[in-house]
Amino acid sequence: MSDITFFIVETIIKAVVILSVIATLAGLGTYAERKVLAYMQRRVGPWMVGPAGVLQIVADMIKLFTKEDTMPSGANRFIFLIAPIISASCAFVAMSVIPFLPEFEIFGHVVRPILSDVNIGILFLLSVSGTCVYGTLIGGLASYNKWGVIGSARSVLQLISFEIVNGLSLIPVIMMVGSLSLIDIVHEQNNGITSWFLIKQPVCFVLFTIAAFIECNRTPLCLTENETELVAGCGTAYSGMRWGMFFIGEYANMITYSIVISLIFLGGFNSFWFIPGSLMIFLKASFIFFFMLWTRAAWPHLRPDQLMELCWKICMPIALICIFVTAFVII
């Protein structure tokens with residue numbers, strides 16, 4: 001097989017595998033969240049459908065596919081229909097620059113478990129993940145529903161504000177590595193736990209994690225779908241599979257940021273003691289994902305004014321201080 005043919009086949013297989021695996025994990029994420037919340041609230045959670053209730057995911061999928069796809073009478077039809085697609089597709093496109101595993105060989109060809117190893121990986125990731133806000137924005141505006149409009153406005157407010165914190169928190173890491181490639185950042189941390197950026201840049205780790213909660217619409221930092229105030233926010237007027245696509249995008253974003261935090265701050269897929277790198281990245285990402293679920297059960301929502309104060313008066317100045325201190329140390 002020629003190199004060009006192998007490259008084309010490899011790229012197609014990677015795209016299909018990433019799409020199918022992440023979509024499956026997003027479904028499992030809904031099950032995991034329900035079981036974790038149930039455990040923390042001393043409930044059983046899903047248990048009737050399949051062993052330990054694991055087939056509840058299939059039952060929910062059948063329900064979403066068979067429910068009527070309604071639309072408000074005053075909604076903009078075209079924009080209303082494409083908004084969930086934008087939210088879900090942006091979450092999956094952002095994964096194209098993420099190295100999920102260490103490279104390995106097949107039939108003498110080196111396979112790198114990344115769809116596109118561009119030298120601006122972090123910039124691409126932040127740009128595409130930031131585009132997800134358009135799906136939420138136009139979905140709420142096009143639904144002709146007051147809860148949807150308010151939810152979309154609050155979504156834009158929080159996402160645009162914390163996009164700045166998201167980017168600034170990564171600048172010290174980029175300055176120390178000298179590259180925007182996620183693979184280069186992982187290789188910079190291959191000298192044990194002391195080389196992890198969690199140790200070198202702990203403040204940036206906290207800031208980026210806070211911004212990740214905002215990007216994924218996770219409690220306690222979510223203004224988009226606060227049930228006690230906005231019903232379901234921008235998704236109030238949606239039903240069926242289009243409603244489900246918003247949540248597929250949300251859980252896909254959670255998986256993406258769990259992996260990205262593991263790659264940038266927790267050593268990525270570098271092996272640790274006797275644990276191989278492929279298992280290490282899975283364990284680290286699973287811990288971050290569980291942390292996102294745990295905070296929903298443990299912490300209440302912040303008010304919009306509290307969230308904006310956290311962004312502009314606390315996170316932003318701290319991020320700038322980290323940049324200046326890192327620059328001073330490097331120079």
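Placement of Cβ uses the backbone N, Cα and C atoms for every residue, glycine included.
Predicted, not measured: the structure shown is a model, and the values here were computed from it.
Feature list (source: Swiss-Prot):
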- 6-26: transmembrane segment (TRANSMEM)
- 45-65: transmembrane segment (TRANSMEM)
- 78-98: transmembrane segment (TRANSMEM)
- 120-140: transmembrane segment (TRANSMEM)
- 167-187: transmembrane segment (TRANSMEM)
- 193-213: transmembrane segment (TRANSMEM)
- 241-261: transmembrane segment (TRANSMEM)
- 263-283: transmembrane segment (TRANSMEM)
- 311-331: transmembrane segment (TRANSMEM)
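Contacts between the transmembrane segment (6-26) and the transmembrane segment (78-98): present, as 3 or more C-beta pairs lie under 8 angstroms, all at sequence separation of six or more. Comparing 45-65, 120-140, 241-261, 263-283 for CB pairs under 8 angstroms to the transmembrane segment (193-213), the maximum falls on 263-283.
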